[in-house]
Amino acid sequence: MGRFIFVSFGLLVVFLSLSGAKGNNCPQDWLPMNGLCYKIFDELKAWKDAEMFCRKYKPGCHLASFHLYGESPEIAEYISDYHKGQSEVWIGLWDKKKDFSWEWTDRSCTDYLSWDKNQPDHYQNKEFCVELVSDTGYRLWNDQVCESKNAFLCQCKF
């Protein structure tokens, strides 16, 4: 009987340690999702400066890219919980060629888009970088002048 209890307790410890792991190596205050970690930074930066900040934070980091509709609600909730300001939030999508051919800075496939109504519009032929719109609960996107200053969302693999 004592051996049974000892083995059962040992299996319980192993199970609890494995169930808590989930392959999540994200630091505190980062959102783990689909094998990546996401963090909102409230410091206001131009789009290129935000991308450079993410890259310098850790090799392989970039402004965030999204590939599934299902990611939007979780990201939006995380930003609403942790973003201290009211600004829009830069993500890693941009129109490098200025011809409505949108690309992610991490060079991943542009297979999902979530534009706000009447967007993108390249307003006055000046908007080539993409932000999450605060008025939509950070669920929809707008193209914006890249030199505008926004908070930003980095994604990293730890």
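These residue numbers are counts, starting from 1, taken along the chain as shown.
Cβ coordinates come from backbone N, Cα and C, glycine included.
Swiss-Prot lists Gln119, Asp121, Glu127, Asn142, Asp143 with the feature Ca(2+) binding site. Counting Cβ atoms from all protein chains shown, Gln119 (Ca(2+) binding site) has 18 others lying within 10 Å of its own Cβ. When secondary structure is read from DSSP and collapsed to three states, Gln119 (Ca(2+) binding site) falls in the coil class.
Following the DSSP three-state reduction, the secondary structure of Cys37 (disulfide bond) is strand. For Cys26-Cys37 (among others), the entry in Swiss-Prot reads disulfide bond.
What Swiss-Prot records for Cys54-Cys154 (among others) is disulfide bond, and it gives similarity to another entry as the kind of evidence. In the three-state DSSP classification, Cys54 (disulfide bond) falls within a helix. With a cut-off of 8 Å between CB atoms and residues at least 6 apart in sequence, the same chain places Cys61, His62, Leu63, Gly92, Phe152, Cys154, Gln155, Cys156 near Cys54 (disulfide bond), listed in sequence order.
Take the CB of Cys61 (disulfide bond) and look out to 10 A: across all protein chains shown you find 22 other CB atoms. Annotated disulfide bond per Swiss-Prot: Cys61-Cys156 (among others), in sequence order, evidence recorded as similarity to another entry.
In the structure as shown, the Cβ atom of Cys146 (disulfide bond) sits within 10 Å of 19 other Cβ atoms. Taken from Swiss-Prot, the feature disulfide bond applies to Cys129-Cys146 (among others), supported by similarity to another entry.
For the domain 'C-type lectin' (33-155), the model's average pLDDT works out to 96. The feature domain 'C-type lectin' is assigned by Swiss-Prot to 33-155.
According to Swiss-Prot, the signal peptide annotation covers 1-23, on the basis of experimental evidence.
Cα distances from Cys37 (disulfide bond) to the recorded positions Glu127, Cys129, Asp143 are smallest for Cys129.
Reduced to three states, the DSSP call for Cys146 (disulfide bond) is coil.
Across the fold, the C-alpha of Cys146 (disulfide bond) and the C-alpha of Glu127 (Ca(2+) binding site) stand 7 Å from each other. When the recorded positions Cys26, Gln119, Asp121, Asn142 are ranked by how far their Cα is from the Cα of Cys129 (disulfide bond), Asn142 comes first. Surrounding the centroid of the Cβ atoms of Gln119, Asp121, Glu127, Asn142, Asp143, where the record places Ca(2+), the chain contributes additional residues within 8 Å, namely Trp115, Asp116, Pro120, His122, Tyr123, Val130, Trp141, Gln144. Within 10 Å of the Cβ of Cys37 (disulfide bond) there are 20 other Cβ atoms, across all protein chains.
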